[in-house]
Amino acid sequence: MTARRILVTSALPYANGQIHIGHLVEYIQTDIWVRFQRMMGNEVYYVGADDTHGTPVMLRAEKEGITPKQLIDRVWTEHKRDFDNFLVSFDNYYSTDAEENRQLCEKIYLALKAEDLITERDVEQFYDPVKNMFLPDRFIKGECPKCGAKDQYGDSCEVCGTTYVPTDLKNPYSVVSGATPVRKSSTHFFFKLSDPRCETFLREWVADLAQPEASNKMQEWLGAEGEASTLSDWDISRDAPYFGFEIPGAPGKYFYVWLDAPIGYYASFKNLAEKRGIDFDAWVGPHSTAEQYHFIGKDILYFHTLFWPAMLRFSGYRTPTNVFAHGFLTVDGAKMSKSRGTFITAQSYTDTGMNPEWLRYYFAAKLNASMEDLDLNLDDFVARVNSDLIGKYVNIASRAAGFLVKRFDGKVNEAALANPLLEQLRQAAPQLAQYYEGREYSKALRLVMELTDAVNAFVDTNKPWELAKDESKRDALHAACSVSLEAFRLLTIYLKPVVPTMAAGVERFLNVDPLDWRAIDKQLSADRPVQPYQHLMTRVDVKQIDALLAANRDSLQAAAPAAEAGAAGASAIEPVADTITIDDFAKIDLRVAKIVACDKVEGSNKLLQLTLDLGEGKTRNVFSGIQSAYTPEQLVGKLTVVVANLAPRKMKFGMSEGMVLAASAADEKANPGLYILEPHSGAVPGMRIR
């Protein structure tokens, strides 16, 4: 059978933050598939890169007092560390801020221009009058023009999936300053996705998508065949100041990050090809016989199934074989939350001593070929890992290996390996291969655990610990242990794409060559004695989960000193105020607000200027004397409580349109600290507190 040639990518993480477990769903899903393909003997290259360009990187670097290059180099190191820790086996992990990417972006752009698929037109953009800059899509928020969802970015709605231009937003505001943006005109470059050639191509291309949900969504975007196209031209340029690649022949104009990011897949592969002597053009050229797959989150399906394939098709490159989208991750049935400690970073997971293969196994047990969301239930996580991997799988080796090594010098009884149980395990290989190929990992692991149950039943029936007590049953003991360990070897092959480090430990323990799918037809040999058994994996301790949540619960870190102050005695507690009536309380309108922006107030060492979203369709400006307790960066994105009907107050620094509630001790000098009130993460801006 001829080996397949496969190029695989995962979406590129943005170089503006940490890798968290939500990201890891995708990289683990991809890595399992890649490892399986390698075990099948296919020629596979898995490439990735940091997505490094855009205004967010530029502004964060400015805030930190470093260059964008220094920022992206640091974040690249952090991301690579996290991927290595979670055994994500990239053949090359690169950066979109690379010369290969610049060259490819220019080449593709010029090819599209030669095909008359690039056009220029003046567009009216939002401009921040406070920061004196055009606002990129992700630095404008407002209401979706289609579904009305609030707090949506300027390029696409995360609720309904619609894409639009920023000026279509209702009630927009600048995320940078909180100001209401003004409109200014600027010349921009567009990829003519509305061209009939693009529509015709995309209608043909969508027919081959593997996921029905993706095909249906694309049909929705394309509209009914025979009707006028619903495709819009794509703005591929941004104005200076911008961190990215300048467009050839257009000073002060830069490629939009969403143009150069997917091209970064090819740039990473080109870098790998040059290092390994791979024929790059043979893999990505229009007549390539290689396969190309992109694993992505369902939120970026639009870019990968419309813009990217059309861009490739008309610039002289091959198009993707398929795009595989996955759903979002929830933790204990809810969105990841910093206040609950469930916004778990990859680094915090490993720093607290958690085994990355526990998470790899759990995610695999939940993943399938659909775009449905998956939930990390922490109680189930502990139970499943401890039951499946330790109680069932590892238990087989621990119950058989000791007897084989002590009584038989580690040598198996090869004649005993004709046992029907082993044939049962081998017969499952084609079905398991089909599950892995189809990304039906949950089905694969259910079948593996069924086989594991059968092996444990064999061990329980033969009771090697009882056979070992009777010398006359030495042959039966030898056979039982030999069959058990050969079964363990086969199960390890089936689990290796998911838990590669543990599989490597099994290979050393069983004294076998690295296991691939072809090894299913082999067996343990008496010529290569099994080594003394060593623990392959420890159980998950609930205390580790508690420590992990605590490490990620940032709001509790600030609350700890307050708790200590409270314990100091009644003198630290301010007396309760005079009694009021329910009518008095009803006059105060307390609302949940989201802090969308925060800045220090020049000339004040106490005040912070907060831009708040109360769900009114516009933002409010509030000054709060909490600078001693928080930096602006700590507050952006948090929910808090505001007195919404407090009369606006004109202050030296501007108008304050409400009051943020915060807690403090009666004697702030003796017990310093201010702590804003943070509602439950399920609350939304505008909810009234009663």
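From the backbone N, Cα and C atoms, a Cβ is placed for every residue, glycine too.
According to Swiss-Prot, the protein has these features:
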MOTIF     13-23  motif ''HIGH' region'
BINDING   CYS144, CYS147, CYS157, CYS160  Zn(2+) binding site
MOTIF     335-339  motif ''KMSKS' region'
BINDING   LYS338  ATP binding site
DOMAIN    584-690  domain 'tRNA-binding'
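Positions of Swiss-Prot features highlighted on the structure.
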| residue | record | DSSP class |
| --- | --- | --- |
| CYS144 | Zn(2+) binding site | coil |
| CYS157 | Zn(2+) binding site | coil |
| LYS338 | ATP binding site | coil |
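Outside the motif ''HIGH' region' (13-23), and at least 6 residues removed from its termini, the chain residues within Cβ reach (under 8 Å) are 50-52, 54, 56-57, 60, 71-72, 75-76, 78-79, 82-83, 95, 328-329, 331, 336, 343-347, 349, 359, 376.
Remark: CYS160 (Zn(2+) binding site) has CYS144, LYS146, CYS147, ALA149 as non-local neighbours, by Cβ distance under 8 Å and separation of at least 6 in sequence. In this structure, the binding-site residues CYS144, CYS147, CYS157 were compared by how many other Cβ atoms lie within 10 Å of their Cβ, and the smallest count belongs to CYS147. Put simply, CYS157 (Zn(2+) binding site) is 23 Å from LYS338 (ATP binding site) when counted between their Cα atoms. The average pLDDT computed over the motif ''HIGH' region' (13-23) stands at 96. Excluding the listed site residues CYS144, CYS147, CYS157, CYS160, the same chain places PRO145, LYS146, GLY148, ALA149, GLN152, GLU158, VAL159, GLY161, THR162 with Cβ atoms within 8 Å of the centre of the Zn(2+) site Cβ atoms.
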